[in-house]
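Take a look at the structure below.
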Amino acid sequence: MDSRRRFSTIAAILLLLIHGSHCFYLPGVAPEDFQKGDELKVKVNKLTSTKTQLPYSYYSIPYCQPKKILDSAENLGEVLRGDRIENSPYVFKMREPQMCSTVCRIKLDAKTLKAFKEKIDDEYRVNMILDNLPLVVPIKRLDQEAPTVYQLGYHVGLKGQYSGSKDEKYFIHNHLSFTVKYHKDLQTDAARIVGFEVKPFSVKHEYEGTWNDKTRLTTCDPHSKHTVINSNSPQEVAENKEIIFTYDVEFQESDVKWASRWDAYLLMSDDQIHWFSIVNSLMIVLFLSGMVAMIMLRTLYRDISKYNELETQEEAQEETGWKLVHGDVFRAPSNSDLLCVYVGTGVQFFGMLLVTMMFAILGFLSPSNRGGLMTAMLLLWVFMGLFAGYASARLYKMFKGAEWKKIAFRTAVMFPGIVSAIFFVLNGLIWGQKSSGAVPFGTMFALIVLWFGISVPLVYVGSYVGFKKPAIEDPVKTNKIPRQIPEQAWYMNPIFSILIGGILPFGAVFIELFFILTSIWLNQFYYIFGFLFLVFIILIVTCAEITIVLCYFQLCSEDYLWWWRSYLTSGSSAFYLFLYATFYFFTKLEITKLVSGALYFGYMLIASYAFFVLTGTIGFYACFWFTRLIYSSVKID
């Protein structure tokens, strides 16, 4: 009877949890119900181009404007991404189709002509938002069974020639055929928006008589049911030409529910490649795990048994291998302060990434929460300063350091300072291009407040707590006089072994890296955090194992300078990351402008530096644990 009652209680709790999961929405992304005739306000976002990587505000070119331009409140992540969300003259009524609605008429002068031509040359796309859904252009694939691909935003215009002419002309997309998809509640008749699509056309509109507010177009007239279905007579962009902007709105009922409306946007047609990436990474891990297991279970077990059986003084003098350097293996390295700083910064990065991925897997950082991912990463970086200070101070005290405030300050300032210097130069370049991607002064001030107002004090608190803890004791005593390191074989050369060590960690993640670079630089969504988390775990294991293997070989050849080498061995994977980023730039991107190229390499340099700090710290701690484990297992007289 008790077991039945217990089972029914568990079942009831599970049902509540399942029901709760359907009722749970993130702040700011809760569904909104619209009745027939309700006003739908379309917002405009930045103009983006994969050729220049420089975003611009929608009204930086002379598009039709509402009576008053209003900026939407943006979070920190949105501002850093260059988003500029504003109201637009496009206003719909829910489930009330519109045909050939005129927005405005403009006449091009030399200045506006140049603005449009530049944006068409650089293949800029216009981004809009309706009910927090981005505007997409559906593209049907030649293969009928393949799912529809959605392109974010529509192109400002295109270049082409008239038939029989070789002169290249510029044409603008001035007619937008919108489709709003909605899911209707049969009981309340309310509807929720589940799709926002557009088909852009270039149409040279014509009308009779002089232009006024009531002028009817002959090329697009709702009264005669004459609609735009193609761009056979396109609108040329030329000086003193007039352009009339128009739009249609069609409403389509959809079976897609509100909770699933992002699925089509996030549909990955290359899941097989992702699984191949995981399998490839797992093979590397299994190979390394086999080597580590062989070292730990066979070689080390044999070594420890042999060392512990040595009884006579003569036998002890004949000992070879890693036990021979026991009196020097825990000697503090050169530049130990700098190592402490880098280890602390790596712990900060590790904590930030781990918590960010946890939130992302749980759905808190979905693309519907625009700018949420970047905001979360920045705030977590700031608060993880506590652990950075603690880790660096603990290591510093082990190296017999006494000035904990100095190490705390360097931990709090060094990495962010280098990144800020690069970022400041890049921001200056963006500012010079008058791009909306330039971080405003107010946001820059907010970042400095986060850094010096929260992060630095937290690093000091962590350092104080870490320094108050008892120093980590070495498993063996360190000799006063350093032992001479014998001449090493060519393959044990520090530079060679460090560069070899970075290949496998990079090999475990490079396929996933392709998708991350594509989402950042080709303006696509990245939302496969489950795959990313698996790859992150594989990266941790790979970095740890390759460092342990190479550290063991190093100690066996009687080279005890393992501290920095353990950090650099796995950290060198960042060098391969930057090389891959360079390869990606020349093979996948079409960037031609010098400023855009400088932005790409500047940001990838920051990413590679961060990757170096992260992987280096993982390798260092793995080696630190390994050396303490093996030297605490042998009897030292």
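Yeah, the Cβs are placed from backbone N, Cα and C, and that goes for glycine too.
The signal peptide annotation in TrEMBL covers 1-23.
If you look up TrEMBL, you'll see 275-297 (among others) marked as transmembrane segment.
TrEMBL lists 339-365 (among others) with the feature transmembrane segment. For the transmembrane segment (339-365), the residues of the chain that approach it from at least six positions outside its boundaries are 26, 333, 372-373, 376-377, 380-381, 384-385, 387-393, 395-396, 399, 401, 407, 410-411, 414-415, 459, 529-530, 532-533, 536, 563-564, 567, 610, 613-614, 616-618, 620-621, judged by C-beta separation under 8 angstroms.
Long-range contacts of the transmembrane segment (371-391) within the same chain, counting only residues at least 6 positions beyond its ends with a Cβ under 8 Å from a Cβ of the stretch, are 74-81, 83, 343-345, 347-349, 351-352, 355-356, 359-360, 364-365, 408, 411-412, 447, 450-451, 454-456, 458-466. Sequence annotations record features per position, and here TrEMBL assigns transmembrane segment to 371-391 (among others).
Annotation comment: TrEMBL describes 412-432 (among others) as transmembrane segment.
Per TrEMBL, the feature transmembrane segment maps to 444-467 (among others).
According to TrEMBL, the transmembrane segment annotation covers 488-521 (among others).
The feature transmembrane segment is assigned by TrEMBL to 527-555 (among others).
Annotated transmembrane segment per TrEMBL: 567-586 (among others), in sequence order.
Summarising the annotation, TrEMBL assigns transmembrane segment to 598-626 (among others).
With a cut-off of 8 Å on Cβ pairs spaced 6 or more residues apart, the transmembrane segment (527-555) and the transmembrane segment (444-467) reach fewer than 3 such pairs and are scored as not touching.
For the transmembrane segment (488-521), the partner stretch with the most Cβ pairs below 8 Å, chosen from 275-297, 412-432, 444-467, 567-586, 598-626, is 567-586.
Listed by sequence, the residues of this chain that lie at least six past the ends of the transmembrane segment (412-432) yet keep a Cβ under 8 A from its Cβ atoms are 54, 341, 345, 385, 388-389, 438-439, 444, 451, 455-456, 459-460, 595, 598-599, 602-603, 605-606, 609-610, 613. Ranked by number of Cβ pairs under 8 Å to the transmembrane segment (567-586), the listed stretches 275-297, 444-467, 598-626 are led by 598-626.
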